[in-house]
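These features come from Swiss-Prot:
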BINDING   L6, A7, G8, K18, D67, D92  GTP binding site
BINDING   D92  Mg(2+) binding site
Amino acid sequence: MIGAVLAGGKSRRFGEDKLLFEINGKPLVLHTIERLEGCSSIKKVIIVASPQNREAMEEFGYEVVVDDLTIGPISGVYSALSLGDAFVVGGDMPSLIPEFIDYIIKQFNNSGKIACVPRWSNGYLEPLHAAYSKNFRDILEERIEKGLYKLGDAISSAKNVCYIKIEDLPLGWRESFFNVNKKEDLHRIMQ
C-alpha cells in the first residue's frame, strides 16, 4: 500500500509553512514520513503537494503528486488515489504510531471495504489517518463535481466503509492523531 502524505495546506494558524519548519534539525514533514516508513504495510511513500509547494516537497527525494484542485483534504486524497490504494495522513502528524497504521491497513485488507477509518464514539472521524481503496476515488470525484468538499461527509455517504472504534484500541495509539497547528503545539515533539 502507498503511504500518502498530504502537504498542500496553507498553515494559516502556524504563520509560515509548518511542514518545512525544522524540529530537532529536520523539517516537520520528514518526521511524518519517517514514521510512515516504519510501517511494514507501507511499500512506498509519496507526497501530495499543492502547485505552490511542489518544488519544496520535491527537494526531499520522494515522488510528488500535485493536487491541482487544492480544495482541501478531499482533493489531496483524490490525487493520492490516482496511484492506487493509499493510507493517507497529514504532513503535520509527527507522532504517527506505525503499529496502529499497520493495524488499520490489516483491517482494511481483511474487510474488502472501500475505506477503513478510525471513528470516535461521538461519530467524529479521523479521515487523515485512514486507508482508502483506489475505488473510493470515484465517490470523491462525484462529490467534487457537485461542489461537496468535506472529506468526512464523503466517507459517511459511502455505504461500504470499515470503521475502527477508537475507544477499543490501546490508549497510547491516540497520540498518532496529533497534528501541529500552531507553534505552541511543537513543545509536544521537541522534548
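The backbone N, Cα and C atoms fix where each Cβ goes, and this holds for glycine too.
Structure coloured by features recorded in Swiss-Prot.
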residue	record	Cβ contacts under 8 Å, 6 or more apart
L6	GTP binding site	V48, D67, P73, G76, V77, A80, V88, V89, G90, G91, L128
A7	GTP binding site	L19, V29, I47, V48, A49, S50, N53, M57, G91
G8	GTP binding site	V48, A49, S50, N53, D67, T70, S75, G76
>> So, three-state DSSP: helix, strand or coil for D92 (GTP binding site)?
In response: coil
> Taking the residues L6, A7, G8, K18, D67, D92 listed for GTP, what is the greatest CA to CA distance in Å, to the nearest whole number?
Replying inline: 18
> Does DSSP put L6 (GTP binding site) in a helix, in a strand, or in coil?
Replying inline: strand
